[in-house]
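Student: Quick paste from TrEMBL:
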COMPBIAS  20-39  compositional bias 'Basic and acidic residues'
COMPBIAS  82-97  compositional bias 'Basic and acidic residues'
COMPBIAS  107-124  compositional bias 'Basic and acidic residues'
COMPBIAS  136-145  compositional bias 'Polar residues'
COMPBIAS  149-163  compositional bias 'Low complexity'
DOMAIN    25-51  domain 'WIBG Mago-binding'
REGION    1-41  region 'Disordered'
REGION    63-171  region 'Disordered'
Amino acid sequence: MASNNGGGEEQLTKMAELSKTLKEGERILAPTRRPDGTLRKPIRIRAGYVPQEEVAIYQSKGALWKKEMASQVGPPGYDPAMDTKPKTKSAKRNERKKEKRLQAALEKGKNLEAEADDEIKKEDVPEEDSDHGSESVKSLTSQMTELAVSENPVPTSPPSNSVQASDADAPVQDLDKKIRALKKSCCLICSRTLRDFSMELLLYFSTGNGKL
């Protein structure tokens, strides 16, 4: 215990001596006690000294710029006070004009699209095609009736040899070919007339003349 007290007195005397020779801005750190009970030497701290724990960490310009951008409310040059100011009459009038221009442009675009659709539909359904289709259907039906009459069996004498049999089969084959061709053309014309009729109905209801 005596040695500890003696060591403490020595540290105090050293501290008193150091305090006499202190310069401006310097200070003395008092002796601290070690775990074994002894005292450490007093430390003179020079003016402007910053402890290592308090030294600021170096940051590059890019890191500082990122922090500054993150702390900002809006983009560079943005002033929140400008938004809070009431709008003048001229500013309100300009905004209304802009809205009207946008609406007029949208309506004009819609009208142009509608006109283009009408022209396309008119081109798809010409009146002449429908008239020709009805006439061709009538002519085909008349030809079909004539062929049906001609297909009725006519009593003929049995052929005497193979040459006569082949000559008799030739007109029958020609008739079959004609019938097939007529049926095919009739189906095509019927499908075309149905398509034209459906397009006419669509135009009729789209213009508002009819009700679905």
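Positions of Cβ are set from backbone N, Cα and C atoms, glycine also.
Whatever TrEMBL says is automated annotation, not expert-curated.
Since the structure is predicted, the reported quantities are computational estimates derived from the model, not experimental observations.
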Student: Looking only at the domain 'WIBG Mago-binding' (25-51), what is the mean pLDDT?
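Tutor: Over the domain 'WIBG Mago-binding' (25-51), the predicted model scores a mean pLDDT of 83.
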Student: Which numbers of helix, strand and coil residues does DSSP report for the domain 'WIBG Mago-binding' (25-51)?
Tutor: 0 helix, 8 strand, 19 coil
